[in-house]
Amino acid sequence: MPKRTDLKSVLVIGSGPIVIGQAAEFDYSGTQALRVLKEEGLRVILVNSNPATIMTDPEFADATYVEPITPEVVEKIIAKERPDAILPTLGGQTALNTAIALDKNGVLEKYNVELIGANIAAIELGEDREKFKGVVERCGAESARSHIIHTMEEAFAAAEDLGYPMVVRPSFTMGGLGSGLAYNEDDLRRIVGQGLQYSPTTEVLLEESILGWKEYELEMMRDKNDNVVVVCSIENFDPVGVHTGDSITVAPALTLTDREYQKLRDVSIAVIREVGVDTGGCNIQFAIDPATGRVVVIEMNPRVSRSSALASKATGFAIAKIATKLSLGYTLDEIPNDITQKTPASFEPTLDYVVVKVPRFAFEKFPAADNTLTTTMKSVGEAMAMGRNFTEALQKALRSLEQKGSQLDFSSVPEYEVAELIEKAKRPTTDRLHQVQRALLGGATVEDLFEATKIDPWFLDQLQLLNETAQEIRKAGVLTEEMLRNAKRHGFSDEQIGALTHNNEAVVRGVRQALGIRPVYKTVDTCAAEFAAYTPYHYSSYDEEDEVGLHAKPSVIILGSGPNRIGQGIEFDYSCVHASMALRKAGYETVMVNCNPETVSTDYDVSTRLYFEPLTLEDVLEVIAAEERTGGVMGVFVQLGGQTPLKLAQQLADAGVPILGTSPEAIDLAEHRGAFARVLDEAGLTSPKNGTAVSFEDAKKIADEIGYPVLVRPSYVLGGRGMEIVYDEANLSRYIANATEITPDHPVLIDRFLEDAVEIDVDALFDGTDMYLGGIMEHIEEAGIHSGDSACVLPPITLGNNVIERVRTATRAIAEGVGVRGLINIQFALASDVLYVLEANPRASRTVPFVSKATGVQMAKAAALIGTGVTINQLRGAYKMLPETGDGSTLPLDAPVAVKEAVLPFSRFRTPEGKVVDSLLGPEMRSTGEVMGIDKHFDTAFAKSQAAANNALPTEGKIFVSVANRDKRSVIMGVKRLSDLGFEIVSTGGTADVLRRNGIQATPVRKVAEGSSAEGEGTIADLVIAGEIDMVFNTPSGGEARSDGYELRAAATSIGIPCITTVAEFNAAVQAIEALRTYEWSVTSLQEHAANLSAAMEAANA
């Protein structure tokens, strides 16, 4: 049955900012969906607040709204655009919850809009835990014994029936937010309290513990004619109790008997029918008791999920694309499989390889957080690898994480450590895989470890096999052909083999290649080689037959950014995808190398060829060799994927690989303190006084010379890893003592810290002769807060023309002095009217997508072409990629104002005592994602950015103010304006006195440190938790008040009210609150903004 003809326009709801539990996979699904809708001739409207996504590029939709995803805002878009239908299944939990709210508020009925891809009844059945329990029973399957509760009293009553431990799961939340395991009454009180708060329906499910059972997922699709396919089975390496997003997962499931698999399949098909998902995909999670074989259905997601992205990349079956076609009325047998072009989508994929996904964590960013893994997801990214067997895929996946200590360690284990390792492995943490493998290496048995961890014995045997292989490599001592072939089949890297045989990596590689032991590249074809594959999507294996086809033109290789992490996220993937698009359009063959299953760059049709490989020197050199053998390589781009490929630049150049764009020498010059200082001197530019220390004595001397406070950090880092502002010698000695390795190769850099400076960020293009300045961003928070966590505004709102001219001149001088070809990002600070250069990065930065969206100029595409020799003049002329005149520093006065705001994951991380980690910002980056607010003026744009970052500003109510002495004078005007608007101001001791002296009514309240009064009057933290305060404004002072402030900020984070910690942000918030009270909120698409901007620029040039 062909597609429906009654739909003319569709509104797609995106997933908003990247947060833990809802990441780049929804940009990948959303981008596919938009493509399908456009191909089918529909008018496409999109709402998504995240500017770092490919889907918000204006060419993917007819009207792109970068606006907060709230029911109120989406209603305004519906009223303006009048779509026929809404597709809410591709934007994660955010989109589903918004669609449900629009249905409940009567908005869908009012504007006669239909939901496609899922109906409300199916969403409710799948997401509402009580209803879903009924579904499972009607299908003749079991779910865990459970109680649904809405209050604390009900929770304690349920505990008597279920007994401890029990699982707590709130309804309608995502990534396990608010869930946990309660081992006793205190846990129950804490976790249920959070859960009731995070659940939009204040409903929580308590269920019997099935800890230690085996966990599986099936990824399904169903069409309206009741055709059902199982796309992929996924098995969790970790047993139940660890969120599937934090577990190592394997596809296809490896430890199920055929009979068990058929049972799961039958139950899944019954459930998907009963729930009524009839135009799309869903995933269903199961648990199996290893002792009795009892099967329990855990939950279902009636939408495209994180697992669907993994299943798509693992099988080559484009779930999101097919789900979108189903929502338009097609059936599975009418949709062709892109890869084979012969089979329809109703053919279930078969795999002749193993896929392993490994999570990447960021606990080093939150030293106070507890690294136990629970049902609340905590990982920030993931890497995926494919191999012909489990050991090969596992070792490749671990190598793809790029974390110190992520690969297995085969050095000998003393006997006395074994018992301790087994004991530690009982508690699931980020190190559990290594503890298990080391315990086995030290002589523990598979039975011992199964007893301790409940990890399936088959997986434990595989780890044992790796240990045995490592022992054989060590025993051999010499690099023989047989030993190397065997080691490679189990995924050992040259580096690991070198460590076991006391050779360095280069020697192993030389011998291996001389013996002709090279990987071959296999193709992901969805059908175990039954049909030919038309899309070259490859993975390496030490097998027999190579499947890389010949290519007529030399290829351009783009190195991706690897797994998402804090400091290197989707923004870098955006630049890689743009480069590939621009180069393909210009007629080049592009090759993408990456190992992140969530991203658009690893979609099989973004580049001419895709290699799903780790980004290590060994793996990248082998891909280059394969491309050389089959048609030659023009060069490699390392400047687009962040720090990951940049680190390989010099080694690749040493191996004779041509680097496109900025040279490795120029990259090194910008990172090297001394050489960069010479560039600044020659240009007459200043940087804050600084020095390089290799010991505490050095550091003390430098700090005394330049004066405290100082900013200390290791060299070569991204995301401010390990940075700190140090105010005195005692803290300096503590920092140096904790810094892992300080050597002459890895010195510590010490800079004068500029207090009260305005930070400025610039992205520019340089081709050797001309410069194009993409945009000048003014940071809202003061210098000292990491640029990735700071809100910023473009065009700048307080910088005069003279400052902008100085920034321009400095940018050009640095780009020329460093020798950039392509993108460069420079951070400046303006203090007492002196312009300081903080740092320069000769690569795509994390602000490139924001600048591109705010100004309508696609910077990464331009940079890729400059790398192949195109000039800025040509880009302004024949290529029409840059404006003919002017640039991002000369935007007219009526250009729209865009505000970028960071989104922080504090509510996910708790200390071992169960408290939220501190939300105070500093020089180390902690945000996982970003949003953009764009409007005619700064105040409304800032208000939009806060609403989009889930921090909507209040327009009435109570505001708590408590600031450090140094800030008291600067906040009086702002507080007075709020008081005049009718807000009640609540304050502690000192601040309250100052406000009263200035004629501002302030209600005094007790500090956290004072505790409750004898009359039972609570502290400010108690008031916040009781929901009596609508916004907290607290700037930290040194010492004791820091802990006072921490309790308060933790309370605000845990109940989700805005918590402002800098004066600059407070002043911006006051402007925004005034605007919210006076102006009607209007929605404008990026396409409309672009038209307004070009009209304004033409008028300015006329």
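Every residue gets a Cβ built from N, Cα and C, even glycine.
Taken from Swiss-Prot, the feature ATP 1 binding site covers ARG129, ARG169, GLY175, GLY176, GLU208, ILE210, GLU215, GLY241, VAL242, HIS243, GLN285, GLU299. The Mg(2+) 1 binding site annotation in Swiss-Prot covers GLN285, GLU299. Annotation comment: Swiss-Prot describes GLN285, GLU299 as Mn(2+) 1 binding site. Feature annotation from Swiss-Prot assigns Mn(2+) 2 binding site to GLU299, ASN301. The Mg(2+) 2 binding site annotation in Swiss-Prot covers GLU299, ASN301 and rests on sequence analysis. Look at Swiss-Prot and you will find ARG713, ARG752, LEU754, GLU759, GLY784, ILE785, HIS786, SER787, GLN827, GLU839 tagged as ATP 2 binding site, backed by sequence analysis. Annotation source Swiss-Prot lists Mn(2+) 3 binding site at GLN827, GLU839. Residues or ranges marked as Mg(2+) 3 binding site in Swiss-Prot: GLN827, GLU839. The feature Mn(2+) 4 binding site is assigned by Swiss-Prot to GLU839, ASN841. The annotation Mg(2+) 4 binding site is assigned in Swiss-Prot to GLU839, ASN841. The domain 'ATP-grasp 1' annotation in Swiss-Prot covers 133-328. Among the features that Swiss-Prot reports, domain 'ATP-grasp 2' is placed at 677-868. Taken from Swiss-Prot, the feature domain 'MGS-like' covers 951-1096, and the record attributes it to sequence analysis. Residues annotated as region 'Carboxyphosphate synthetic domain' in Swiss-Prot, with sequence analysis given as evidence: 1-402.
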Residue counts (helix, strand, coil, in that order) that DSSP gives for the domain 'MGS-like' (951-1096): 74 helix, 20 strand, 52 coil
Structural state of HIS786 (ATP 2 binding site), classified by DSSP into three states: coil
Least surrounded among the binding-site residues, given as GLU208, GLU215, GLU299, GLU839, when other CB atoms within 10 Å are counted: GLU839
Rounded to the nearest Å - Cα separation of GLU215 (ATP 1 binding site) and GLU299 (Mg(2+) 1 binding site): 11
Cβ-based isolation winner (fewest other Cβ atoms within 10 Å) among the binding-site residues ASN301, GLN827: GLN827
Close in space, distant in sequence - ASN841 (Mn(2+) 4 binding site), Cβ under 8 Å, 6 or more apart: ALA670, ILE824, ASN825, ILE826
Most Cβ neighbours inside 10 Å, all chains, among the binding-site residues ARG129, ARG713: ARG129
Stretch-averaged pLDDT - the domain 'ATP-grasp 1' (133-328): 88
Cα-nearest neighbour of HIS786 (ATP 2 binding site) within the listed binding-site residues, ARG129, VAL242, GLN285, GLU299, GLU839: GLU839
Neighbouring binding-site residues, C-alpha within 10 angstroms of GLU839 (Mn(2+) 3 binding site) - of ARG129, VAL242, GLU299, ARG713, LEU754, GLN827: GLN827
From binding-site residues GLU299, ASN301, ARG713, LEU754, the one whose Cα lies nearest VAL242 (ATP 1 binding site): GLU299
DSSP three-state assignment for GLU215 (ATP 1 binding site): strand
Nearest of the binding-site residues (GLU299, ASN301, LEU754, GLN827) to GLU208 (ATP 1 binding site) - Cα to Cα: GLU299
Helix, strand or coil at LEU754 (ATP 2 binding site) [DSSP, three-state]: coil
Residue pair GLU299 (Mg(2+) 1 binding site), GLN285 (ATP 1 binding site) - Cα distance, angstrom, rounded: 5
Packing count at VAL242 (ATP 1 binding site) (other Cβ atoms within 10 Å of its Cβ): 25
From ARG129, GLN285, ARG713, LEU754, GLN827, the binding-site residues whose CA lies within 10 Å of that of ASN301 (Mn(2+) 2 binding site): GLN285
Inter-residue C-alpha distance, LEU754 (ATP 2 binding site) and ARG129 (ATP 1 binding site) (nearest angstrom): 53
CB contacts for GLN285 (ATP 1 binding site) [other CB atoms within 10 A, all chains]: 19
